[in-house]
Structure formats: C-alpha cells, structure tokens
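As annotated by TrEMBL, domain 'Major facilitator superfamily (MFS) profile' applies to 35-480. According to TrEMBL, the region 'Disordered' annotation covers 1-24. Residues or ranges marked as transmembrane segment in TrEMBL: 36-59, 79-101, 108-128, 134-155, 167-185, 191-212, 274-295, 310-330, 337-357, 387-413, 425-445, 457-476.
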Amino acid sequence: MDDYEETRPLLVNDELTDENRSEQDSYLDKVKNGKLYMATFAAVLGPLSFGFVLGYSSPAIPELRKIQDPRLQLSKDEASWFGSVVTLGAALGGLLGGWIVERIGRKLSLMFCAVPFICGFTVVIAAQNHWMLYVGRVLTGLASGVTSLVVPLYISETAHERVRGTMGSCVQLMVVTGIMGAYVTGLFLDWQWLAITCSIPPTLMLVCMCFMPETPRFLLCQGKRREAEEALRFLRGPDAPAEWECARIEEAYKNEEQSFSLADLKDPGVFKPLGIGIMMMLFQQMTGINAIMFYAETIFEQAHFESSDVATVIVAATQVVFTAIAAIIMDKAGRKVLLILSGVTMCVSEAVFGVYFKLTVQHNNSSLTSVLTDAQGSLAEQPPTDLAWLAVGSMGLFIAGFALGWGPTPWLVMSEIFPTRVRGLGSALCVLTNWTCAFIVTKTFQNLVDAITSAGTFWMFSGLCALNVIFTAIFVPETKGKTLEEIQACFKGTRQH
C-alpha cells in the first residue's frame, strides 16, 4: 500500500502533463519578449566585459614587451603570467560568486561585478610596476569569474523555455564578441587607451542593471511574492497572467527542501546535475581550445599571412559568427545534438592537426617551439604552403565546431540543471572547475608538447573530444523546451516525458 501511495502522484502528474503543457503554451502565446530582451542585453554586458578582459592581453603583451619604461617592461615569463593570472582570479571569482549570488541576489551580484572590472582596468592604466599590472589583471579576472556564474543564472531564471536557449547562448556570444572587440581595438589604440576602452562595457552594465528586475525565482525564495509578480509582469508583458507563472514556480518550491545540507548529496536531484555540470566544464577545457589559440598566430604565419594581428581578428570573427549561429538554432536543434555535432567536429579537426604536426615536425623535434626558433628548420624543407593551409583549414573547422556546441552550451546547461537550493554552490563548483582547468591546460601545454610531441598532444585532445561525445550521448539530458522545474523533476525521477 505504501508503495502504491508513493507512485500514485507520479501517475497523476503524468496524466496531467498534456493538459499542463496546453495551459503553458496558452500562457506563452500571450508573452511579449521585448523587456526580457532588454534585461538579457543588460546582463550580457557582463560577458562582453569578460571577453574584453580575455582579449586584452593579446594586443597589450607585445607592447609591454617592448615598452621603454623598465618598471613596466615584461620578460617572456612575466608576459605569460600577465596573460594567465586572469584565470586564477576567475577561479576565485567563481567561489565568491557562488556565495554572494545567494546572499544578495542575482541583480546586485551583477552590479557588484562592475566594481572589480572598473578598478582592475584603472590599476592597469595607472600601473607603475609589474605588480600593479598583475593586481589589475587579478581584479578583472575576479570580476570575470563572478560574471561567468551570475549571468547564466540571471538569464535562465528570467527567460521562459521558448527562448531560454537562445538567451543563454548570448553569454558565450558576448564573450567572443568582447575578445574580437579587444583585438580590433588593439589594432588602433595603445595598451593604456585599450584598457580605458575595456572599462566601458562594465560601466554600462552597472547603469543598465539599475533599471532591470531581480529574478522572480530568487524573489520567491526570499518570500517576496508581490515583487516576484511585478518582475514577471515586467519580463512577460501586460497581457500574460504573471500570477499563473508565479504560482507554478511557487508550487515547485513548496515540494523542495529550502536549505542545503551535505546529506543532500545523496539526492539524485543534486548529485546527478552536479556531476554532469562539473564534467561538462572539465571536458570543455580538455577540448584543447587554449592549445589551438596558442598555435593560431604561428599557423597563420606559416600560411604566409602578412599580418598576424589581422589573423587573430579573423579567428575571433569566426568564433563570433558560429556562436551566433548556435544561439539562433539552440532552441530548435537542442543542446544535446549541438554538443555531439561539436564534439565530433573537434575530434576530426584535431586528429588532422596531429597529422599536420607529424608531417611537418621531424621525429627528433618534440616541440614546435624548437622548429619556430630555427627559420631554416624542418618546416622549410617541407612544402609549407600546402601543409599550412591544411592546418588553417582544420583550425577553422575546430573553432567553428567549438563555437557551435562546447563553447556556449556548458554554461547554458549549468544554469538550467541545478535545483534552487544548490544553484549557487553547484554553479560555483562548475566555474571553479572550468577556470582551474583552463589555468592547468594553459600552463602545462608546452610540457605536454615536450613530453609526447605536438602531434601526440593534439591526438590526445582528439581522443578527449571523442570521450566528450560518448559522455554527452549517455549522461547529458536534453533541456530544450522544458521549464527549470521540469528539468529538475527529471533528475529526481518524479515525472516522465
């Protein structure tokens, strides 16, 4: 009898699914998205700022390597730290973001992000020594870490299921747009004026977010139903009955524990999304995206591009175009399909990369660096143009593949799968994993090349891409067209579709 009583509500829920879906579709037909788009735009100024932080080092480092002031001139190792210390700040920012997003809310956390962005660039502009440069980069990295956690949460909790995939993909779209913006601006401005330009997006975000609402889900968690209804009326327009959506969200919260404890890690509604989120962030960095970007300038030089600066802009523009395509088709194709397509594309392109390095680098030369330092080395003895264009083609294929799936989707899925009580903690662990792996991959990449050769390194990345395809097919749920509450119910096994 007890077993029957436990399963009976599930059967009732299943029987009512079609009726609920019809009611939901009727509600969504009345929704006006204009102000939701405004709120999303205000929020994604954060990832745009984050992109400018990541892109800033590329044009700034060559100038700082040659600057006349000995207090600011960077050696090769110092330049490496100037570029990579951002990831350490971002890892710390991920942890900080997980704490503040539950304490002060999504909106105020976003506004808080603007402060270290602006302060960090101000310190860089006013730098009198290397340590000021590093501190400025750490501060902007800290802001980037908080932003990479808070913005996906803000968008997922304000957007409805028909547009959540597109809105969520705008996070990565704005990151790569910011990177390209830094590259393009760096063609015309020196490193100090570039830093001033980079501080504009976070300033705009601070101003714009003043006029945007807090997320309805966070307000309901705080027991502020009236404010939650007002936020929904702002986001959904005057014709949609905000009370209906508010009641639906509230009902889901009543069936959920309101506080997190370690015992909750035994709950499949917690440990399953946590495992999936962390593994997706791990696999994203293990695709070798940083390795490809490391070699990008060199490959374009071998293909006889006259300006490597312009070549980096081309790479960034490719990322922007394909990330935009991913954003457009995300709610039609689905997350899982794009992840699998992306993984297969990267697997093939990196296998070709390995073949390229095997053919161009002599067997006794384990590092591409040693080839590059000898202008008359083994590359000069090969037919360089043909093979270089093979590398350019595979690099373009890889970047397109990454931008279509494994670039934007892990951040989107992270924002969708966690129950409310662990959303801050779960997202913080995902962001910490992502940025820690980014730092490790960047810092150990040359060691890998020295140990197993360039070809071996890219074949290893290709194998890891094959693994991420298998992982996606088996473990990653399709979240397209589902409310956040339905996604969480799927993990708990309380509703079947």
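Each Cβ is built from the backbone N, Cα and C atoms, and glycine gets one as well.
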Contact call for the transmembrane segment (387-413) and the transmembrane segment (310-330): at least 3 Cβ pairs under 8 Å, seq gap 6+: yes
For the transmembrane segment (108-128), sequence-distant contacts whose Cβ falls under 8 Å of one of its Cβ atoms, 6 or more beyond its ends: 43, 46, 49, 53, 71-72, 97, 100-101, 135-144, 146-147, 150-151, 154, 192, 195-196, 198-199, 202-203, 205-206, 209-210, 214
Proximity of the transmembrane segment (337-357) to the transmembrane segment (457-476), 3+ C-beta pairs under 8 angstroms: yes
Chain residues outside the transmembrane segment (79-101) and at least six past its termini with a C-beta under 8 angstroms from it: 53-54, 57, 60-61, 64-65, 109, 112, 133-134, 137-150, 153, 423-425, 427-432, 434-436, 438-439, 442-443
Highest-contact recorded stretch vs the transmembrane segment (36-59), from 134-155, 191-212, 274-295, 310-330, 457-476, CB pairs under 8 Å: 191-212
Tertiary contacts of the transmembrane segment (457-476), as residues 6+ beyond its ends and Cβ separation under 8 Å: 275-276, 279-280, 283, 286-288, 291, 335-336, 339-340, 343-344, 346-348, 350-351, 353-354, 357, 406, 413, 445, 448-449
Across the domain 'Major facilitator superfamily (MFS) profile' (35-480), average pLDDT on the 0 to 100 scale: 85
